[in-house]
There are 10 protein chains.
Amino acid sequence: MTTRAELTEKIVAHKTYHGKKWVDVAAAVGQSKEWTTAALLGQLSLSKEQIAAASGALDLEFSEEEIALLMTPPYRGSLPTAVPTDPLIYRFYEITNVFGSTIKALIEEEFGDGIMSAIDFTMDIERSKDPKGDRVKVTLDGKFLPYKMY
Amino acid sequence: MTTRAELTEKIVAHKTYHGKKWVDVAAAVGQSKEWTTAALLGQLSLSKEQIAAASGALDLEFSEEEIALLMTPPYRGSLPTAVPTDPLIYRFYEITNVFGSTIKALIEEEFGDGIMSAIDFTMDIERSKDPKGDRVKVTLDGKFLPYKMY
Amino acid sequence: MTTRAELTEKIVAHKTYHGKKWVDVAAAVGQSKEWTTAALLGQLSLSKEQIAAASGALDLEFSEEEIALLMTPPYRGSLPTAVPTDPLIYRFYEITNVFGSTIKALIEEEFGDGIMSAIDFTMDIERSKDPKGDRVKVTLDGKFLPYKMY
Amino acid sequence: MTTRAELTEKIVAHKTYHGKKWVDVAAAVGQSKEWTTAALLGQLSLSKEQIAAASGALDLEFSEEEIALLMTPPYRGSLPTAVPTDPLIYRFYEITNVFGSTIKALIEEEFGDGIMSAIDFTMDIERSKDPKGDRVKVTLDGKFLPYKMY
Amino acid sequence: MTTRAELTEKIVAHKTYHGKKWVDVAAAVGQSKEWTTAALLGQLSLSKEQIAAASGALDLEFSEEEIALLMTPPYRGSLPTAVPTDPLIYRFYEITNVFGSTIKALIEEEFGDGIMSAIDFTMDIERSKDPKGDRVKVTLDGKFLPYKMY
Amino acid sequence: MTTRAELTEKIVAHKTYHGKKWVDVAAAVGQSKEWTTAALLGQLSLSKEQIAAASGALDLEFSEEEIALLMTPPYRGSLPTAVPTDPLIYRFYEITNVFGSTIKALIEEEFGDGIMSAIDFTMDIERSKDPKGDRVKVTLDGKFLPYKMY
Amino acid sequence: MTTRAELTEKIVAHKTYHGKKWVDVAAAVGQSKEWTTAALLGQLSLSKEQIAAASGALDLEFSEEEIALLMTPPYRGSLPTAVPTDPLIYRFYEITNVFGSTIKALIEEEFGDGIMSAIDFTMDIERSKDPKGDRVKVTLDGKFLPYKMY
Amino acid sequence: MTTRAELTEKIVAHKTYHGKKWVDVAAAVGQSKEWTTAALLGQLSLSKEQIAAASGALDLEFSEEEIALLMTPPYRGSLPTAVPTDPLIYRFYEITNVFGSTIKALIEEEFGDGIMSAIDFTMDIERSKDPKGDRVKVTLDGKFLPYKMY
Amino acid sequence: MTTRAELTEKIVAHKTYHGKKWVDVAAAVGQSKEWTTAALLGQLSLSKEQIAAASGALDLEFSEEEIALLMTPPYRGSLPTAVPTDPLIYRFYEITNVFGSTIKALIEEEFGDGIMSAIDFTMDIERSKDPKGDRVKVTLDGKFLPYKMY
Amino acid sequence: MTTRAELTEKIVAHKTYHGKKWVDVAAAVGQSKEWTTAALLGQLSLSKEQIAAASGALDLEFSEEEIALLMTPPYRGSLPTAVPTDPLIYRFYEITNVFGSTIKALIEEEFGDGIMSAIDFTMDIERSKDPKGDRVKVTLDGKFLPYKMY
């Protein structure tokens, strides 16, 4: 039996070998590059039509079993350890760990007691040109949900 | 002896009781609200002048020992556990855990192998109006650092 | 300095000694017994008026510093370990651990891919009479939040 | 050899591919959808008759080895880590972590010292219509077991 | 403020210094030595009358605050780490870890699928004389609770 | 290659499918049901004769490799996590965690400073009839080993 | 209240400052230096006479409360983390971790299935002269306890 | 591909089945039984000649791939968890945990500040006859390495 | 499917068996031995040309799938546990743990508040001859990155 | 009682407030800045003369108790968690985690099977000028210790 993790590895290996781009797959699927990449890496579920579009853009046939896996809402979590060891991903953990209390303080000052949704949420990853070295700009945009009184 | 953690609690309690705002303290200090809040919550070090400005804006005297603590680069980390338990901060951990492999894939597709710096880095937290409920917009902007060949 | 945890212990000890009831405090505060208890145990923040009402119902004066603590959105998390050791609380962890995949499967069958909010959420704890031994009935009622496509 | 975890994946993949519903399997088995789903996901054991009924409703033959696995009381626990990473399941962990002391305080105020059973226990998951967005309603109903004096 | 843990240490130190016995305290309290010791070590709650009886047998006055603590159902858990480091207590952890699957297999063979209650439960610790060295005999006696179908 | 864990699963599956009983296997082996079950579940080593007897009682041939595995003292430990997730086994962990300090206090009061052996040790699991619901009675009987002075 | 850990620090500090030796304290107590040091560091309990002898040899008065602590069998465990961070102690952990399977294989080859007792056990730490640099010789001598059949 | 762990299991199974002894393999290899067992269990690397000698003594051919594995310095660590679950190996962990501070205190009293090497180190495991039950004697003999000033 | 970890094992086994040297592979690849080894062990990504050069120097053909793996930026982290168990690697962890606060204090005294980059970073491992025993000299050279004010 | 950790904080606070430098304290003590800083931060023990010299250079009197603490070999370990959260120190952990297998491979290729000592070891932290931004150069220099055959 294929597991979802093995299917993710297969998609990534195929993509690397054939020089496909996430942005092109996303255009075919009709969603943002962030949503499409997350879905194909096993963090979101796709519809049959989206799977067909991705299949075309990647030039990769999926079996019935693989289509079933891509359609099923996955058990989410893309990291093998609670504290990530990959340096790129760790930097985001570090920001949460070091600046987490700051983020909390400023959101609460502006909005009152509540959270930023990680579900009704979009993410945008861009390159911004800079003469001292280009910069990564990650924008997280989530609905504020106040704690409910009852 | 006062610890840095106790000083943080004292500052926050004083601020809550007297209705002070991080944005006003930041204006007095002359840095962004994100930088200033992080510094006063014990994640960055302040100069003597910045401490004096914060003291005025908060209407709170600091002792010599407290000034020494605010000047010392702190042992960073603002969370008591590896996986944060506070729901607001957890959502950022969740984003890193669920979408970490997506962020890595997209930054590497755009920039090649490397990381986004969490040191040469700015953060901006804004409210964006939305008729379906206002949204929190967090922008993380860090220099891309490529892995060095040697 | 008083910490929020010490204030929680003080409130609970006072309440036990004087035989006060959470339901009566809640009636004075004007919120449900679940919300009021959670707030006084340090998981939600109270307004000045709610603090005054609770103070009267508990027959317990709060100092300015304690009022400041009760007003501040707390760093949430009421348990000292990742897996709770208290048998009553452990049973709820056990339900999540053993039946978590069942809950996920049934919510996704009914609603599609998404989560039940733990913020826009109410909880109700009731006694239901039963000749074989009374039963605890806990109802969790949260808004369904679908994953957003973008 | 097939493991119980692999059998769970096989059942779920078959169900997704053929568009079967847990509620229909449950009707055939003659138990609630919550009990039936938990059993087929490897958290409860089934009788030979229940297995035959599920097999029919799912349109899926089980081998003798698979029947043996479905009949054996499993080593329970449906999550790969102590703190769940899947956002849907995490929200229930969050409720236990943040509101655990509240649940304990209110059950003890009403019933005295003891626990809510997680064995003599039923669970009900429903959709409740709401114009602001439908809600998930999870009802946990367990026998109160007082600590025994002896 | 006194915490429950400090009160436990105070009771144990007083008992050691004055050579009091748990069995005598238990006789005064009118419960078994196992129940009484667990209660005074902070794992069960006592009534006012039981506290008065224990106070007499130990020759130790309790303040109002201490009485409140002894009356409150405690947050249970008597060990500082998930795996106990004390050799005496570790041996019981070892039995659970090494023979846990055996205990499960034999209870399920005899009773069907379910658990032994740890709440409706008594424990008895005895010395049994043996010429090769006396033996400790620990008897755990708990109600069998079958998993409920519904 | 077969691992010891896979052999355990094979024995258990065969036993379930053919409706064999641990008590009957134990009678053939000539040891208690507790010892025999623990040995076949991979926690104790068996002699060639005991393996032959078990093989007959289970109606299950073992290969030479499997016999070698059954003869080798295993790396013991029957649980996949430090804190067990299976509810039946967890209840014994809970007893150790909650009542560990009580067990320690009472053994030390009776015997002085030392431990109960978990090696020179027998375990007995029985059903005791009770009109309010049958009870599980687990008796642990281990030699007391005093700390040695030297 | 003094805790056992604080008493340990007090004894060690006093000993360092006054240049006392564990071997001399042991001679006064009438036990080996290994046993005596372990007892005073809070891992074994002392009798009143042993406490008096240690008090004389250390030139340090103990209060009644401190005597009570020294008499009570302690909750054992002398390290703050599961994996020791102190390099001297870590090397013994490393030996257990790296050579544990070797130790197990050789003891079982010589004695059959069982353990070396860590209770009926003596330890001897000696210096052995060596021209290439003196060596530490640690001898662990424990009774072999075979697994019991029953 | 064979892993080093699988090769270890193969060697042990072969040895058990054919009744080979570590002491005889060690004699053929020309090193102590402790060193030889550790090497074949995957904690030390062997030369081509030592592998040939072991192969002869065990009556077991190694493939080229297996010889390569036996020649490579392994990633050391012979236990699957940070705290060992096997009772025989746990007793050595317990000694380190309970008596670690004692070992540290006595080595530092005798040698000054430094460590006992776990690399320039020999281990000797012997049986010592004792009428009360034979004893295991483990001698650890390592070079003392003082902390360097510079 | 081959995983990156399996490919690493294959490269290492081939290298050991054929007596190849990392320094020679590095010369062919045209990078330092540190960079080249890290890349082939799965911590850095290689270009097609570098893979061809390594293939020649190792005398080892790579399949298309293996080339794809070597080209993909890997999920970094070369250790199976948070605290390394291999003694050679542990010594570097020990230096970080014991001397981490010293390194921090001295870098901050010299440079102000910031970090040493582990990305814009080179490492050099050399042998330095010493009559008392040769020494390993590891030089870590990373760009200082100051915390940014904004 | 003062603990060693509190003394470390006191020394650091005093040093920050009075603008003292570790390099000047080291010059007075007559050891390198790395050794001296580590000693005063509680990772190495000092002699009476070194303490007197440090006291002078810091302009800070030590009490007898504090001198005793500075003279005692400390329980080493300068980090509060197994994985450091401070970004500066984390980068060194990251190097160990990501490049640990590389360091091991290259040391073993050059020296054979063994370790680099972390005790007979010196560390040197320097600034190297660089037009693209100054660099931190950390040199670790430790004796190679081969695994001993015996």
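Note: Cβ is positioned from N, Cα and C throughout, glycine not excepted.
Note: TrEMBL annotation is automatic and uncurated.
Per TrEMBL, the features are:
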- G:Arg91: active site (ACT_SITE)
- G:Glu94: active site (ACT_SITE)
- G:Ser117: active site (ACT_SITE)
- G:78-150: domain 'Cyanate lyase C-terminal' (DOMAIN)
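Distance from the CA of G:Arg91 (active site) to the CA of G:Ser117 (active site) is 21 Å. In the structure as shown, the Cβ atom of G:Ser117 (active site) sits within 10 Å of 22 other Cβ atoms. Filtering of the active-site residues G:Arg91, G:Glu94, G:Ser117 by Cβ separation from chain I (threshold: under 8 Å) yields G:Glu94, ordered along the sequence. The 10 Å shell around the Cβ of G:Glu94 (active site) contains 23 further Cβ atoms across the protein chains shown. For G:Arg91 (active site), the Cβ neighbour count at a 10 Å cut-off comes to 25, with all displayed protein chains included. Across the domain 'Cyanate lyase C-terminal' (G:78-150), the prediction's mean pLDDT works out to 95.
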